[in-house]
Amino acid sequence: MARVEQFGLAIEQDLYDFLVSEALPGTGVEPEAFFQHFSSLVHELAPKNRALLAKRDAFQAQLDNWYKQNGAPSDLAAYEAFLRDIGYLLPEGPDFSVTTSNVDAEIASIAGPQLVVPVMNARYALNAANARWGSLYDALYGTDAISEADGAEKGRGYNPKRGEKVIAWARAFLDQSVPLAGGRWADVAGLALTDGYLDVTLASGDKTGLMDPSQLAGTFSEDGSVTSYLLRRNGLHVEICIDAKGAIGAADKANINDIRMESAITAIMDCEDSVAAVDAEDKILAYSNWLGLMKGDLEEVVTKGDHVFTRTLNPDLEFTDPQGKPFTVASRSLMLIRNVGHLMTNPAILDRDGAEVPEGIMDAMVTAVIALHDIGPNGRRKNSRRGSMYVVKPKMHGPEEVAFAVEIFTRVEQALGMEPNTIKMGIMDEERRTTVNLKECIRAAKDRVVFINTGFLDRTGDEIHTSMEAGPMIRKGDMKQAAWIAAYENWNVDIGLQCGLSGHAQIGKGMWAMPDLMAAMLEQKIAHPKAGANTAWVPSPTAATLHATHYHQVDVAGVQAGLKSRTRAKLSDILSVPVASRPNWTPEEIQRELDNNAQGILGYVVRWIDQGIGCSKVPDINNVGLMEDRATLRISAQHMANWLHHGVVTEAQVIETLKRMAAIVDQQNAGDSAYRPMAADFDTSIAFQAALDLVLKGREQPNGYTEPVLHRRRLELKATAIPAKV
């Protein structure tokens with residue numbers, strides 16, 4: 001591919017053309033100025049980037065040596081002293097409160113679900129942006145949230161018995177969320193607006209209204225009749241849709257045709273763990289979809305059966321408040337974008353020495369200039385009404401790396417003419433050195449931080465790699481019961497509240513990774529708002545609608561107020577290493593652990609390498625579909641590498657397991673015409689060789705990250721064959 005030289009940068013022609021012809025026009029930023037500033041940014045900050053990565057390696061070497069001499073720490077005080085001596089654990093400064101300004105309500109004050117989607121997939125991105133609202137009826141009917149017992153099977157057509165169960169569940173939810181002064185929602189026979197109040201007629205003929213009349217936010221009318229009532233609890237809206245001729249409403253005594261939930265309040269458009277972006281071609285796709293979202297013109301032609309339609313961004317909703325004043329309600333999730341971390345470089349742009357530029361610097365500059373289509377001088381202000389750009393920054397290790405990200409953002413703002421602190425930062429608390437120094441990490445970004453989030457998956461991967469030499473780790477399924485996990489989750493909330501995030505920023509919790517198990521999610525994920533999290537990750541718009549019910553049941557602001565006075569989680573618990581003290585696993589248990597890890601690795605890696613798919617639903621050993629991305633891959637690969645290193649398993653056993661499970665993964669993908677079987681020839685299957693690398697060379701991967709192997713192997717495939725098209 002030809003390259004264009006600009007101020008010492010060698011930019012692949014297609015990327016250059018995209019920037020000059022599509023991204024920059026309309027932003028007020030001229031190409032010459034853009035590339036001049038971009039070059040300065042790269043050549044001045046790339047050396048700092050490399051130095052920070054070298055520091056990671058130096059810490060790891062010191063930790064490896066300590067563990068080799070001492071094993072798993074039994075004297076946690078001595079271990080903590082060692083971490084302080086080497087500068088891994090830093091002194092904690094005085095208390096402070098964050099000062100982030102111009103933060104949209106979706107982040108500052110509204111508690112609710114958050115989606116994370118691969119920005120390279122336009123359909124997923126549009127679905128996520130439009131997932132601000134979802135049908136509660138559809139979410140219940142189409143999932144296992146409603147049992148199929150007693151004749152309530154989903155079936156091919158509409159099942160009235162199942163519909164009755166859905167309606168009963170939804171009415172019971174309304175009793176909790178927007179209770180009536182008298183009677184139950186199941187007995188409602190009619191709704192009307194009278195003198196600014198919701199007038200409710202029960203089947204008995206009695207009249208009632210809302211227990212709290214202020215929960216009526218507004219109405220929408222067509223042809224003089226109210227067709228929807230907008231209610232509100234804990235800052236979240238629920239819309240009761242009336243249609244006497246509707247498929248459901250016609251048979252409903254109150255003509256309620258649907259109940260629509262305000263669902264995914266925010267959505268992260270991901271350039272990182274859920275995508276496979278290894279070169280200019282891939283980055284252009286990511287950036288062009290982000291451009292379409294910021295300009296509002298992204299669209300995707302969707303085919304469902306015989307029905308073909310074009311999906312676009314939903315327009316805002318119009319209502320009239322009880323006093324007769326019109327107002328607008330957002331119909332799209334507030335979009336954040338996750339840039340990559342500090343580790344990777346990308347061949348799309350080379351510096352003056354011919355080296356690949358740090359991908360995190362490239363992401364910052366390009367995604368920010370694209371955001372000007374929304375927040376710039378001539379911006380639409382359809383995403384951020386407060387004029388802010390929201391960047392989630394992953395995989396940072398400690399406050400020095402957070403400060404470096406702040407420096408990048410500051411330089412980008414100066415280059416693009418943005419006001420200082422326009423670019424807000426979400427800090428992923430997913431690396432051990434960030435966890436133990438979280439207060440100082442937040443301090444480093446106190447004018448920008450809008451989000452801290454525990455990422456159990458990556459955090460576990462880092463836990464394993466950090467203490468690789470300490471001994472064999474406990475089984476992967478036992479990790480959630482380990483002492484460090486509960487302390488880590490509570491510590492994140494405690495530190496966030498101590499730093500004044502409540503009412504200003506999100507304190508988030510991690511992903512529900514089983515998209516088919518919605519009944520279990522409804523039962524369990526309420527623990528996140530109860531723990532003080534004002535957002536948590538969900539795997540689909542449907543899951544967002546169901547998880548939204550939890551934020552009606554739990555007043556997160558009240559929970560956070562109560563948690564501010566609790567004793568902070570113990571650092572010593574966080575520092576405890578999850579090594580199996582006296583492993584007594586049977587050979588069958590060991591093999592099952594290997595099988596499960598291998599299946600997850602192969603099922604994900606084969607689609608990443610061969611098809612460029614960065615996020616997949618992969619069946620586990622029990623045939624439960626699990627959402628897999630690079631974070632889950634990191635855990636599985638590091639866990640296998642750890643057991644191999646400590647002799648729990650042999651290399652021959654690992655290879656045999658991977659080969660046997662590859663055949664099973666091949667069978668599971670037999671219906672995919674784009675799939676390339678691995679077991680046909682293990683030696684020539686680049687995907688299988690990548691899986692081998694991730695495990696057999698797992699100890700030498702930087703911090704246990706999977707990106708170096710994945711990128712190298714994906715580029716190898718793209719160079720030697722025409723990649724499979726999805």
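Glycine residues also receive a Cβ, built from the backbone N, Cα and C atoms like all the rest.
Quick caveat, the model's predicted, so the values are computed rather than measured.
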Quick one: which of GLU300, GLU419, GLU430, GLU489 does Swiss-Prot put in the glyoxylate site with ARG338, GLY455, PHE456, LEU457, ASP458?
GLU430
Looking only at Cβ atoms, how many others are within 10 Å of the one on ARG311 (acetyl-CoA binding site)?
16
With Cβ-Cβ distance below 8 Å and at least 6 positions apart along the chain, what are the contacts of ARG123 (acetyl-CoA binding site)? List them in sequence order.
GLU300, VAL302, ARG311
Which whole-number value in Å describes the distance between the Cα atoms of GLU430 (Mg(2+) binding site) and ASP629 (active site, proton donor)?
14
Using C-alpha positions only, work out which of the recorded positions TYR124, SER274, PRO539, CYS615, ASP629 is nearest to ASP458 (Mg(2+) binding site).
ASP629
Just to confirm: which same-chain residues, 6+ apart in sequence, have a Cβ under 8 Å from the Cβ of CYS615 (cysteine sulfenic acid (-SOH))?
PRO118, ASP273, SER274, VAL275, MET627, GLU628, ASP629
Max Cα-Cα distance in Å among VAL116, ARG123, TYR124, SER274, ARG311, PRO539, the residues listed as binding acetyl-CoA?
22
Identify, among the binding-site residues TYR124, GLU430, the residue whose Cβ has the fewest other Cβ atoms within 10 Å in this structure.
TYR124
